Amino acid sequence: MSKEPDRIFAQPMAQVPDFAFNEDVVRVFPDMIKRSVPGYPTIVENLGVLAAQFAQPNSVLYDLGASLGAVTQALRRHVRTDGCRVIAVDNSAAMVERCREYLNGQDSMFQELLPVEVIEGDILALDFKPASVVALNFTLQFIAPDQRTALLSRIRQSLLPGGALILSEKLRFNDAEEHALLTDLHVAFKRANGYSELEIAQKRSAIENVMKPDSLEEHRERLLAAGFSKVVPWFQCLNFASLIALP
């Protein structure tokens, strides 16, 4: 993957545009997400480990909001269940193009990997096939809040018995002091990874109208309302967490 450093917000902007997964972001995305999301590499690699426990023969594994395919690559590294295939979906043309390049590179390096189909499209309009694993890795937070339950209901309907949804998201907190503390610690994390105060402030301005995080309680309530029977948090680092939802 690209090692180009993220300098998108390094220079003062007269007007900060809303964040978008365009070609500029795609070029620096691996660096951006590693330096911005605490625990991201751990979540991605272990998502593959978890998926291997739920994958069922002759079923689909979905990577929804696949970006550059990091989760898809983890699924292919860890899942060895017969007849499985991965469907990776993203609505950014730039992301999809680069994702296909990276996955082709993975194919050339390894044998016996799960087949993968990369689709450019809207996951809200996706025709889901019977699935044993669905990964929503930092994707739901970019979907309009009033459309989230319907999407999760459709995912639940597509899941086979014994399957799982693995949902990773940035969190907000209902307790004001807890929210302020973890927000400050997240800023400290970004500073420690080389982001300037200007970069942090401009990125916050760019993303605040685009990304709408929920609390852990809201995620649990929504997942149960969508038909899931059990919600198990398996990872949290500062204000980022990952959950397993069982049908």
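Any Cβ shown, glycine's included, is placed from N, Cα and C.
For Tyr40, Gly65, Ala66, Ser67, Asp90, Asn91, Asp122, Ile123, Asn137, Arg204, the entry in Swiss-Prot reads S-adenosyl-L-methionine binding site.
Feature map: annotations from Swiss-Prot on the structure.
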| residue | record | DSSP (3 states) |
| --- | --- | --- |
| Tyr40 | S-adenosyl-L-methionine binding site | helix |
| Ala66 | S-adenosyl-L-methionine binding site | coil |
| Asp90 | S-adenosyl-L-methionine binding site | strand |
| Asp122 | S-adenosyl-L-methionine binding site | coil |
| Asn137 | S-adenosyl-L-methionine binding site | strand |
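Other C-beta atoms found within 10 angstroms of the C-beta of Asp90 (S-adenosyl-L-methionine binding site) number 25, with every protein chain shown included. For the S-adenosyl-L-methionine site, whose annotated binding residues are Tyr40, Gly65, Ala66, Ser67, Asp90, Asn91, Asp122, Ile123, Asn137, Arg204, the maximal Cα to Cα separation is 25 Å. Taking Cβ-Cβ distances under 8 Å and a sequence separation of 6 or more, the neighbours of Tyr40 (S-adenosyl-L-methionine binding site) in its chain are Ile33, Lys34, Phe240. Around Ala66 (S-adenosyl-L-methionine binding site), the C-beta neighbours below 8 angstroms that are at least 6 residues distant in the chain are Thr72, Ala88, Val89, Asp90, Met95, Val96, Cys99, Val118. Other C-beta atoms found within 10 angstroms of the C-beta of Asp122 (S-adenosyl-L-methionine binding site) number 11, with every protein chain shown included.
Around the Cβ of Asn137 (S-adenosyl-L-methionine binding site), a 10 Å sphere holds 22 further Cβ atoms from the protein chains shown.
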